[in-house]
Amino acid sequence: MDTHAFKRSLHHSERYNRRGFGRAEEVAENLEQAYQSGLIGTIRDNGYKLTHGRLNVHLAEAFGFCWGVERAVAMAYETRRHYPSERLWITNEIIHNPSVNDHLREMDVLFIPVEEGVKDFSGVTSGDVVILPAFGATVQEMQLLNERGCHIVDTTCPWVSKVWNTVEKHKKHTFTSVIHGKVKHEETLATSSFAGTYLVVLDLEEAQIVVDYILGKGDREAFMQRFAKACSEGFDPDRDLERLGVANQTTMLKSETEEIGRMFERTMLSKYGPADLNEHFLAYNTICDATQERQDAMFSLVDEPLDLLVVIGGFNSSNTTHLQEIAVSRGIRSFHIDTPDRIDETTNSIEHKPLSEDLKRDQVFLPAGPVTVGITSGASTPDRAVEAVIEKLMRLSEN
């Protein structure tokens, strides 16, 4: 399928909208009440620090809603205002934040049901309005909705669209797209649908397995077993690892994406030589600015003397998880929570999700005596949620 031609055709359809409806002022107050915070603005103005008795709060200097998320949420609110009585669907969570998605449900936005990991579009009919979330949607989903006669409101983050353009360039020039991402993440599913031949690698370990195979050190059967669900149909590692282009899920750890790119560049240079490198390796920068800014701010935050650190964001949020990884790598006592409700003020305990583990509850969350708490949040977390966490910390510190 010529995905580039399909996108171009869809963008010219009268039933497609990716620019909003000119109702920003009408929904501004709703958005401000639901997501913004005066306290957070005050803390920003005070050098990202707050002192309250024995409590010192240090905020990361970049956190919370990114521009792409703000745009997607605002467009969803505008869509409901523009279509007050039409049946309104969304193909997935608008962003990985439970409170934001709950607000959409309260606005009678229907979420496409999922049965055993497969989306069920049978309830969507001609004339329905369907929102594509910030992560985007697969080209097959777009095609289905277009053929069904739906009105499509596309809130896909422009940074995600940039990655789609990159893998389409790989496809055009017969390069295999090596995508650094999580194979089941909505964004990676969408990106791979625009690619031709592709392979998804999760981390440096998987990238090294691919590098070893390229250099003749791997076993074909073991390789195919490892990547059976992370590659394009008919993928042949002996044929499809000769010409590579690197792309990424925009929320992955920046330093890891860069290192994976360097690994493949060095490998192709070693195998084919400098004269032919450009025939075997393509590099594009698809790292999201907002992701990079939040990770850089987190690295600065963990350099400060902190007693503990709270990371706020959806448990299925990739960018939030990577912020938590940075804290863990520094040995800081840290807690990943998805909502302020995870903090129990009556018992001074916190329910949180350690990396790659199930939820657990820790007692004596806020220690006695002077305490410095670092706080950051993922790109899908509104300031209002961060404010609620800080207010709980303030009350706990008074006891």
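Note that Cβ sites are derived from N, Cα and C of the backbone, with glycine treated the same way.
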Can you tell which of HIS11, HIS185 Swiss-Prot lists as binding dimethylallyl diphosphate with HIS96, SER317, SER318, ASN319, SER380?
HIS185
Where SER317 (dimethylallyl diphosphate binding site) and GLU187 (active site, proton donor) are concerned, what is their Cα separation in Å, rounded?
11
CB contacts under 8 angstroms to SER318 (dimethylallyl diphosphate binding site), restricted to the same chain and 6+ apart in sequence, sorted by sequence, are HIS96, LYS182, HIS185, GLU187, GLN249, THR251, MET252
What subset of the binding-site residues CYS157, THR250, CYS288 lies within 10 angstroms of ASN319 (dimethylallyl diphosphate binding site) at the C-alpha level?
THR250
Taking every protein chain shown into account, which of the binding-site residues THR250, SER317, ASN319, SER380 has the largest tally of Cβ atoms within 10 Å of its Cβ?
SER380
Got a sec? Which of these binding-site residues, HIS96, HIS185, has the most Cβ atoms within 10 Å?
HIS96
Residues within 8 Å of the HIS96, HIS185, SER317, SER318, ASN319, SER380 Cβ centre (excluding the isopentenyl diphosphate site residues themselves)
ILE95, THR251, GLY313, GLY314, ASN316, THR320, THR321, GLY378, ALA379
State the count of C-beta atoms found within 10 angstroms of the C-beta of CYS288 ([4Fe-4S] cluster binding site), not counting that atom itself.
24
